[in-house]
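Participant: Input: one structure, supplied below.
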Amino acid sequence: MKAYQREFIEFALEKQVLKFGEFTLKSGRKSPYFFNAGLFNTGRDLARLGRFYAAALVDSGIEFDVLFGPAYKGIPIATTTAVALADHHDVDTPYCFNRKEAKNHGEGGNLVGSKLEGRVMLVDDVITAGTAIRESMELIQANKADLAGVLVAIDRQEKGKGELSAIQEVERDFGCAVISIVSLTDLITYLEQQGNNTEHLEAVKAYRAQYGI
């Protein structure tokens with residue numbers, strides 16, 4: 001686990017974006033942890049979040065031409081990631097996002113920002129069912145662009161309805177890499193290294209044994 005990944009986990013815990021306990025997911029599964037990126041909700045939080053996304057992007061080595069943030073949660077993520085790339089990595093990246101409803105006046109259309117062209121890096125908070133990715137792919141293909149990859153905050157590394165995770169299904173269906181700032185494996189490593197969260201560690205390990213990929 002790299003320094004920025006450890007710092008991200010500590011940041012998420014500090015902001016209660018990441019919590020350990022018992023939580024019922026939409027799928028009905030009882031999870032020993034919960035991640036709610038919506039709680040990164042101040043200017044300082046957003047600035048820090050962008051730095052972690054930018055670090056993961058640079059670390060991945062994936063080449064791309066434009067950042068795309070799917071409405072709604074992806075919009076501030078794409079924006080802050082673009083700012084962090086410029087401020088901390090001297091990379092001036094175009095970014096754009098979509099409207100949920102197309103507009104017929106003014107600039108019109110359903111895209112805001114730069115053109116959606118070339119190799120597109122899609123940024124979002126998490127992938128649960130992959131629905132947002134599939135909707136975004138329609139836009140990307142309609143603009144004759146290519147999906148270079150997808151970056152999310154956390155990879156839960158758990159099976160969906162079948163044997164694959166939602167992220168693995170996206171990788172299979174669209175032939176692109178999906179990267180994350182941290183993964184379930186990183187959370188377990190963090191808990192092991194802390195050494196003072198035995199109860200949470202055992203619960204997360206048991207969850208991985210049951211649902212992990």
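Using the three backbone atoms N, Cα and C, a Cβ is placed for every residue, glycine included.
Pasting the feature list from Swiss-Prot:
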type    : residues                                : note
BINDING : K26, 72-73, 99-100, K103, H105, 124-132 : 5-phospho-alpha-D-ribose 1-diphosphate binding site
BINDING : F34, F35, T128, R156                    : orotate binding site
Participant: Give the sequence-ordered list of residues that share a chain with F34 (orotate binding site), lie 6 or more positions from it, and have CB atoms under 8 Å from its CB.
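Facilitator: The answer is L18, K19, G21, F23.
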Participant: Go through T128, T131, the listed binding-site residues, and name the one with the sparsest Cβ surroundings, counting other Cβ atoms within 10 Å.
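Facilitator: Comparing Cβ neighbour counts within 10 Å for the binding-site residues T128, T131 gives T131.
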Participant: By a simple count of other Cβ atoms within 10 Å, which of K73, K100, the binding-site residues in the record, is least packed?
Facilitator: K100
Participant: Tell me, how many other CB atoms lie within 10 A of the CB of D125 (5-phospho-alpha-D-ribose 1-diphosphate binding site), whichever protein chain they belong to?
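Facilitator: By my count, 20.
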Participant: What is the number of other Cβ atoms found within 10 Å of the Cβ of R156 (orotate binding site)?
Facilitator: 25
Participant: Write down the Cα-Cα distance for R156 (orotate binding site) and T131 (5-phospho-alpha-D-ribose 1-diphosphate binding site), rounded and given in Å.
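Facilitator: With distance taken Cα to Cα, R156 (orotate binding site) is 16 Å from T131 (5-phospho-alpha-D-ribose 1-diphosphate binding site).
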Participant: What's the CA to CA span in angstrom from I127 (5-phospho-alpha-D-ribose 1-diphosphate binding site) over to F35 (orotate binding site)?
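Facilitator: Answer for this pair: 12 Å between alpha carbons.
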